[in-house]
Structures are given as structure tokens and as C-alpha cells.
Amino acid sequence: MPWFKRVEKGINTPTEEKKETPDGLWYKCPECKTVTSMTEHRKNLKTCVKCNYHDRIGSKEYFAILFDDNKFTEMDEDMSSGDPLNFTDSKPYPQRTAETQRKTGLKDAVRTAYGKSGGRDITIACMDFAYIGGSMGSVVGEKIARAIDHARKTRTPFMMISKSGGARMMEAGFSLMQMAKTSAKLALLSEEKLPYISLLTDPTTGGVTASYAMLGDFNIAEPGSLIGFAGPRVIKETIGKDLPKGFQSAEFVLEHGFLDFIVDRKELKERLVDLLGMIMPAAEESNGTAKVQKAAKSS
Ligand SMILES: [Zn+2]
């Protein structure tokens, strides 16, 4: 005889009456299905505690990771796109813009800012996938171009964090022009011997890969990111062959020479500070020399 006998019938809760765990309390990793609390997940910079899967984050989180004490000055905060082509797909472009702005709290798919990282001045542009798939339109191009100009003017290193589905269809040709514009600005940055670090995150594709994302003095990526130009289906149809395993993952792209290294998000700031320490010694040395000369004069 069982030690407990259910006396009352109908004590089982029907499915529709079961209470759900409130949203946003738990995080379930899409790769290994490990469940962690949202607090723990956030503390781990939104990477899985078990398999290190890197969950997508936006400019708000990247700025918090990279800028000292999350202190930075944002540039061109209110720039938002017009509708140069009078474009309508399932809805008019201005309506889509307004809705996306309201939903995401963002003005467009990139935010640019300057501040200090590891005590060193830096200018950072970071894309947001939440805004129309991180698509590159005229505002994205213009803001990046202006951020590069700021880096040139202040002689600070420039970092770009890409996360994009490619060019913005609603601006067609205007989107494509941004590839040339940003590339030309990066050429000027390079001529002035200022470092450019490009971080490719999941996903970095299309016109973004074909322009600024791959032009870094250092092209680095987060583990497991999808990095490519055209999607795998299009490539498969074009070449008529099956694609190798792991095709277009950061690890595959690294092995084939497109990346310098892969960096774990939890080590991103440390690696960035180290890297800038190695490649920016000239400026520091000249500062050091100036200090020595000053000291010699005053003695
Ligand atoms: Zn996982």
C-alpha cells in the first residue's frame, strides 16, 4: 500500500491553469539548453556558463563592457534616416523607421561614442542588430564616417563593432554608397597612422563584411559568429557543391586567414587594452620624451 493516497479527485492542475515562470527570469542557452538565471547570465556578459555560447548583445552592453566605468560621450545621437526613395514594402519606410525607433529606443542601427578604455582614449562605433537587422543605411555610414573623423581629429584609435545582415534594402543605392564612404575614411585613418580594430560579431554579413568590417588593422571576432558575404544557400546554388562543415563560422574564417584572432567576450576589454598598448607605443614614447625633456629643462 502506498504511503500516500490521493483522496480528493481533480487535484491535478489543468495545463491552462498552470502558472508560467515570468519572462526574463531565466535564460535557456539555445546551443546546450542549460538554464541559468538572468542575473547570472548578465553577470557572465550574456555568454553561456556551460558551453560559452555568445548571446547577441547591443551597443548599450558593448559600451558598458569597453568604456571605463561605462562613461562615454555619444556623438550624433539624434541622426535618423529620411526616405530618399519613397520606399514602400509591406509598409512605408518612414512608418517602419518610427515603429522600430519606438520599439528599440534606438535612432538607427549604429551608435558612436568616445571615452576611455583602460585609461586610454578611444572612439568606438557599435552596431545594433535589433534595429532592422543591423542594416547599413545612410545614417550608419554617415555616423561611422563622422566617428572616424573624430578619431583622426583627436588622434585616438578607432574600434568598430559590426553586427549586420548587410545593406538596408529600403535605401538601395544610398546604402551601397556607404561602403565607399566608410572605406575612404578608413584609408585616411590609416594614412594618419592611427590604429583601426574591427570586431566582427554574430552575424556580420553582406555589404558590411565587404567594406569596413574586414578593413581593420586587426580583424577580430567573437567565438561562433556567423561571418560571410552571401548566405550559404546562395553560395551552394551558385557553385553547385555542398559546403564544408562549420562554413562561415568565426573559427572557419580564422583558419582560412580572414581573422587575426577570436576573442571571448569576457576577455574583450583586457585584450583590447593589451593590443592598444602594443600598437600605440609611438605616441606614448613621444609623450615620454617630452616629459624627460621638460624635466631636464626644469632641473
Ligand atoms: Zn550553452
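Glycine is treated like the rest: Cβ placed from N, Cα and C.
All TrEMBL annotations are machine predictions without curation.
Annotation source TrEMBL lists Zn(2+) binding site at Cys29, Cys32, Cys48, Cys51. Under the DSSP three-state reduction, Cys32 (Zn(2+) binding site) is assigned to coil, being neither helix nor strand.
According to TrEMBL, the domain 'CoA carboxyltransferase N-terminal' annotation covers 25-294.
The region 'Disordered' annotation in TrEMBL covers 1-21 (among others).
Per TrEMBL, the feature region 'Disordered' maps to 77-104 (among others). Look at the region 'Disordered' (77-104): DSSP puts its residues at 12 helix, 2 strand, 14 coil.
The annotation zinc finger is assigned in TrEMBL to 29-51.
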Nonlocal residues around Cys51 (Zn(2+) binding site), in sequence order (Cβ under 8 Å, 6 or more apart): Cys29, Glu31, Cys32, Thr34
For the zinc finger (29-51), mean pLDDT (0 to 100): 95
Local Cβ density at Cys32 (Zn(2+) binding site) - other Cβ atoms counted within 10 Å: 12
Tertiary contacts of the zinc finger (29-51), as residues 6+ beyond its ends and Cβ separation under 8 Å: 57, 61, 65, 264-266
